[in-house]
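S.K.: First, the structure itself, so that you have it in front of you.
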Amino acid sequence: MSELKLVVAGAAGRMGRVLIQTAIETSGVTVSAALARPGSLALGQDAGLLAGCGEINVPITEDALAAIVDADGILDFTSPDLSVELAALAAQARIVHIIGTTGFSVAHLTKIEAAARHAVIVRSGNMSLGVNLLAALVKKTAAVLGPVYDIEIAEMHHRMKVDAPSGTALLLGEAAAQGRGISLSEHEQRGRDGHTGPRKDGDIGFVSLRGGTVVGDHTVIFAGPGERIELAHRAEDRRIFGRGAVQAALWGKGRKPGLYSMLDVLGLGGE
């Protein structure tokens, strides 16, 4: 069987380098191209050398259209605007697009959904096995405990993260909302300040902390009468996201076009 040829977008960034490393280390996968933004100092450098893996004869380029020629998929942890552009290219080429980018607007998501009519797109706020298992647990717990238990989601990331709440926190919030059979957008409460009054019944609260080099900490709190349940995940190594992304690309090869999540990849979509 031929190797899965993957394009790594955002190759010069922290996650881009992790994706290159992971793809190189994974049997049956090869890095066929690597992308960086126009003007990046990484342009022209060998992707393998930049990622600390040794030379792989893949120079980093800014030409996304040329990069996807003969590729089977794109690994994309970049920015909302760029992810939308790459989704359109993936749709044209009928290839797999793995999106780990966060911070999307409704308009961004609408465009990605449109692209998924012609491409296999796996989008998730977190690609790790642990977080997606946590999401399944959160959904089940929310359903069992019911609205008498208040739900709060706390997350902490490194000081350079630019969006809040994190994509993972929103993923967990959506899981909680699904467990209760409600809409997250109608019940989310992002931060509190000043005289807020009593907590509203049914709210799902979010609090975001930023500092240091924290890869990602998430805790879902179910606070009920006389007791509190906490479900948590601590990310200690970005390679967990890289492994999940490559696993998703392997899973997506040959599937029918559509918008999928990591829950689908892990066989938890029906949970």
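For all residues, glycine too, the Cβ spot is worked out from N, Cα and C.
Quick paste of what Swiss-Prot says about this protein:
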ACT_SITE  H157  active site, proton donor/acceptor
ACT_SITE  K161  active site, proton donor
BINDING   G10, A11, A12, G13, R14, M15, G100, T101, T102, S124, G125, N126, M127  NAD(+) binding site
BINDING   R37  NADP(+) binding site
BINDING   H158, G167, T168  (S)-2,3,4,5-tetrahydrodipicolinate binding site
COMPBIAS  185-202  compositional bias 'Basic and acidic residues'
REGION    183-202  region 'Disordered'
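Are these features on the surface or tucked inside, and what touches them?
M.R.: In the three-state DSSP scheme, H157 (active site, proton donor/acceptor) is classed as strand.
The Cβ of K161 (active site, proton donor) has R210 as same-chain neighbours under 8 Å, each 6 or more residues away in sequence.
Shown in sequence order, A36, R37, S40, L41, A42, L50, I60 are the residues of the chain, 6+ apart in sequence, with a C-beta less than 8 angstroms from the C-beta of A12 (NAD(+) binding site).
In this structure, R37 (NADP(+) binding site) belongs to neither helix nor strand by DSSP; it is coil. A sphere of 10 angstroms centred on the C-beta of R37 (NADP(+) binding site) encloses 16 other C-beta atoms.
In this view, T168 ((S)-2,3,4,5-tetrahydrodipicolinate binding site) is surrounded by 27 other Cβ atoms within 10 Å of its Cβ, with every protein chain counted.
Outside the region 'Disordered' (183-202) by six or more residues, the chain places 147, 150, 165, 170, 173-174, 176-177, 208 with a CB less than 8 A from a CB of the stretch.
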S.K.: Around the C-beta of G125 (NAD(+) binding site), how many further C-beta atoms are within 10 angstroms, looking at every protein chain?
M.R.: 25
S.K.: Near the Cβ of G167 ((S)-2,3,4,5-tetrahydrodipicolinate binding site), how many other Cβ atoms are there if near means within 10 Å?
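M.R.: So the Cβ neighbour count for G167 ((S)-2,3,4,5-tetrahydrodipicolinate binding site) comes to 19.
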S.K.: Calculate the distance in Å between the alpha carbons (Cα) of G125 (NAD(+) binding site) and G167 ((S)-2,3,4,5-tetrahydrodipicolinate binding site), and round it to a whole number.
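M.R.: About 4 Å separates the two Cα atoms.
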S.K.: Return the residues near H157 (active site, proton donor/acceptor) by Cβ distance under 8 Å, restricted to its own chain and a separation of at least 6 in sequence.
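M.R.: Listed in sequence order: S166, S208, L209, R210, V214, V215, G216, D217.
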S.K.: So how many of the residues in the compositional bias 'Basic and acidic residues' (185-202) end up helix, strand or coil by DSSP?
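M.R.: Across the compositional bias 'Basic and acidic residues' (185-202), the residues distribute as 3 helix, 3 strand, 12 coil.
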S.K.: Using DSSP and three states only, what is R14 (NAD(+) binding site)?
M.R.: helix
